[in-house]
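Pulled these from TrEMBL:
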{"type": "BINDING", "residues": "B:R36, B:Q37, B:A38, B:G39, B:R40, B:D85, B:Y161, B:S216, B:H335", "note": "substrate binding site"}
{"type": "DOMAIN", "residues": "B:31-40", "note": "domain 'Uroporphyrinogen decarboxylase (URO-D)'"}
{"type": "DOMAIN", "residues": "B:149-165", "note": "domain 'Uroporphyrinogen decarboxylase (URO-D)'"}
{"type": "SITE", "residues": "B:D85", "note": "site 'Transition state stabilizer'"}
Protein chains: 2
Amino acid sequence: MNTSAQDSAPSDSATRPYMVESTVGGADRVPLWFMRQAGRSLPEYKRAREGTTMLESCLMPDLAAEITMQPVRRYGVDAAIFFSDIVVPLYAAGVGVDIKPGIGPVMDAPIRSLEAVRALPVLEAEQIDPVAKAVSKVRGELDDSVSLIGFAGAPFTLASYLVEGGPSRNHEHTKALMYSEPEVWDELMSSLASMTTHFLKAQIAAGADAIQLFDSWVGALDRADFERFVAPYSREVLSTPEIAAVPRTYFGVGTGELLSSISQLGVSTVGVDWRVPLDVAQTRVEGGKVLQGNLDPALLLADPDVLTAKVSEILDAGQRAINAGATGHVFNLGHGVLPDTNPDALARVVDTVHAFRSSRAY
Amino acid sequence: MNTSAQDSAPSDSATRPYMVESTVGGADRVPLWFMRQAGRSLPEYKRAREGTTMLESCLMPDLAAEITMQPVRRYGVDAAIFFSDIVVPLYAAGVGVDIKPGIGPVMDAPIRSLEAVRALPVLEAEQIDPVAKAVSKVRGELDDSVSLIGFAGAPFTLASYLVEGGPSRNHEHTKALMYSEPEVWDELMSSLASMTTHFLKAQIAAGADAIQLFDSWVGALDRADFERFVAPYSREVLSTPEIAAVPRTYFGVGTGELLSSISQLGVSTVGVDWRVPLDVAQTRVEGGKVLQGNLDPALLLADPDVLTAKVSEILDAGQRAINAGATGHVFNLGHGVLPDTNPDALARVVDTVHAFRSSRAY
């Protein structure tokens, strides 16, 4: 793929240490960022977004860059995550989709047939020029010590939105298609893997130092189905040379049964939700991975002392995971920041995590 | 507690074998029933419910009995599950709650303070007389070979509806209350444990042969929080002598990390959702338990041959669990029947399961 971003802003990530390198090789600091750190919990975000829809704002380079920078300025986190949405590549490619407040992404028409799959547009480089421009702008503004993580939805979660037509509790149409029409499923997932690959490559070419694949809803599957119907496509994305060249994190909610499989997708970091303590997660993943997580975002609504105690527990579990072979711990939430979160609670977490001193002799 | 049901229909469950006894001691048949087998997937249910709200219908003895019987007649399942809803005891006690179609239970006002908890009414025996009458009627109509399972929501899931004010994806207010005001939480859970106990005792007194506690949303918690904030109250319900005298099943969705704890609550049967294969579940539970589950209800929307193959896999996994020490396998879904399910798919599952021959020498 050839995007203008490749010409305009070649990545110099090779010269910058990725944040997690600070936790390996004896360094003593646990880096952190927060999933959905940019967004509705920040008053400066609400002001910046006024008069613009979510999807419009993702394709306005200056605005997307500003929103990406806001939590870095406010919290001093160790990474920026590029402000986007899982359906942005679909929207950019011309698929009929809108994000409805309080609901989530809603498709004009669900995609459930071979014809509908084949009618999906291919994502063209120029359609995500605004994304590349925004990434490049953010990378230019960030300190070298702060990593910029590229953002994309994983093929399964994208497929679920397309097949269900919107957010779903049970993903029943997605599963019915997967089980009953595996050829249609495979073609859909191939298209989405290709789209996701282009979307990530453009961000890396524009300056992203690392990427995270959000497979938010993949925890709805058991392990056998994950291996058969999902893993090949996520692996295809992650093994693309330009993507395999940067640190790669995979995250989904409720993935306790899938952690072993996820760790074998060609990732460097495994995101863990709050249900599985990090030291337990370490017993499930392939060796030599960084673990990322895993504060329950609901804890941010609890009392400060309760929150701080839980953060400390997670830091301790992360150390036990490192002592058992994990190559690092990136502190994060176990899912995205909830809209009602008080930013002061996140600031408190940053203080607690940055005050913590990691030790291999733990 | 003294309910009219105790007088009108003393249980003779001691004289009836509970269905699961057929899988232990060398018998060769795997019994089954389906969570939410009575309900929106059945045309006869839709006809019976016409002109009546969900909560009204739960407190109309003849109608609740008829709805409970419908799937037994249609499918020939091995158990009836009493037709009710998790919020019925709240509704019967006078708490302001409605079930909104397409949404679920919605409270007039969320319960988030000590005052609100203390203002919760106590469930009086006469308020659930209609339930006792319906149970008694069903037990009178059922063959002796078919078990009648009493129904109740577990305290945590009831608490989540009360504190959130309705269904919730993240249960954040529930968790905030639990973490930040543990005394309020404990008082709320004590009240709900008492209400659940009364509700189940009335059903047992009226003729229920067994009970199932539905802790649908408890999988939102990690194991430490489950042990601290939930287990004591569920254990209180299950250790009540009248309840401890009948077979007791506990079910929640996404409970892979909790199965060990759930098996230690004083249950005889552990419900397993579809994410954890039954033989894997067996490695997590305390010895000597029956396992119940675990077909993904979304499979009922897939092609017949896919469905049948998956049912066979589950039967095989159930046998492996029995060979590893489980005292039985009750076939069921891994969550409730989805409204769009074609009843023919469920009939096909019944045929496959009943044609299967269990063997200890597997």
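One is the number of the first residue shown, and numbering goes on along the chain from there.
Yeah, the Cβs are placed from backbone N, Cα and C, and that goes for glycine too.
Automated prediction, rather than curation, is the source of TrEMBL annotations.
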Do any residues of this chain, six or more beyond the ends of the domain 'Uroporphyrinogen decarboxylase (URO-D)' (B:31-40), have a C-beta under 8 angstroms from a C-beta of it, and if so which?
19-20, 22-23, 46, 67-68, 70-71, 75, 77-81, 83, 149, 251, 330-333, 335-337, 339, 346, 349-350, 353-354
DSSP on B:Y161 (substrate binding site), three-state: which is it?
helix
Roughly how many angstrom lie between the C-alpha atoms of B:Y161 (substrate binding site) and B:D85 (site 'Transition state stabilizer')?
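A Cα-Cα distance of 12 Å.
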How big is the gap, in Å, between the Cα of B:D85 (site 'Transition state stabilizer') and that of B:R40 (substrate binding site), rounded to a whole number?
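Rounded to a whole number, the Cα-Cα distance is 13 Å.
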Determine the mean pLDDT over the domain 'Uroporphyrinogen decarboxylase (URO-D)' (B:31-40), rounding to the nearest whole number.
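Per the prediction, mean pLDDT sits at 96 for the domain 'Uroporphyrinogen decarboxylase (URO-D)' (B:31-40).
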Using all protein chains in view, find how many other C-beta atoms are within 10 Å of the C-beta of B:D85 (site 'Transition state stabilizer').
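Result for B:D85 (site 'Transition state stabilizer'): 20 other Cβ atoms within 10 Å.
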How would DSSP class B:R36 (substrate binding site) in three states?
coil
Around the Cβ of B:R40 (substrate binding site), how many other Cβ atoms lie within 10 Å? Please give the count over every shown protein chain.
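A 10 Å sphere around the Cβ of B:R40 (substrate binding site) contains 16 other Cβ atoms.
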Taking the Cβ of B:R36 (substrate binding site) as the centre, how many other Cβ atoms fall within a 10 Å radius?
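Total other Cβ atoms inside 10 Å, all chains included: 18.
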Report the largest Cα to Cα distance, in Å and rounded to a whole number, among the residues B:R36, B:Q37, B:A38, B:G39, B:R40, B:D85, B:Y161, B:S216, B:H335 that the record lists as binding substrate.
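Greatest Cα separation within the listed binding residues comes to 23 Å.
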